[in-house]
Amino acid sequence: MKIIGLTGSIGCGKSSLSDIFRKHGICIIDADIKGREVYENKEVLENLYKEFGEEIKSSDGRPDRKLLGKIVFSDEKKLEKLNDITHPAIRQMIEDDIKAAENKGEKAVVIDAALLIEAGYTSICDIIIVVTCDEGTQIERVMRRDNCTKETAVSKIKSQMSQTEKKKYADYVIDNSGTIKELENQAEMFIEKFEVDYFGK
């Protein structure tokens, strides 16, 4: 089974490409979903409350993720602490899903992760796809998606690894500056090439 890593900067359309792959019957492991599910892990919760205090606990007993986000957004050391607590558990969940897909006989699986490179998943991937788009389109998409100002959108973009840096890790780059139809065409071209290169179809 081949493992495909899919990543891209905020606003570039990584999730749109992931949805297209899913429609083609490719197994998707969504790291964002795992990132939410990790807050149901008892050991993770204990470590979070120990590190950040009971004040981050909401009325339902779960962490207030918005409050936690505010705490770590402006403090790099606290962000590192949060990552140290959550990332190993998220990685374990992803590796469990990879094993499950392999046991089901899947030919390929896509790990859809915004922090694919930063979190060190490149080492387990056979191929890396990076989704990109032009800067103007990226800013517009972030403003529309998050209902924020241009300044806020630019700040969010700059807080992440740049598109240029991400592309250095790519085996395959898909430019999503255009329409969804153009993205679908590029996705289909990738699938055809992937099947020929890896499975001789």
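Placement of Cβ uses the backbone N, Cα and C atoms for every residue, glycine included.
The ATP binding site annotation in TrEMBL covers G11, C12, G13, K14, S15, S16.
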CB contacts for G13 (ATP binding site) [other CB atoms within 10 A, all chains]: 24
DSSP three-state assignment for G13 (ATP binding site): coil
Cβ-Cβ neighbours of C12 (ATP binding site) (radius 10 Å): 27
Cβ neighbour count within 10 Å of S15 (ATP binding site): 15
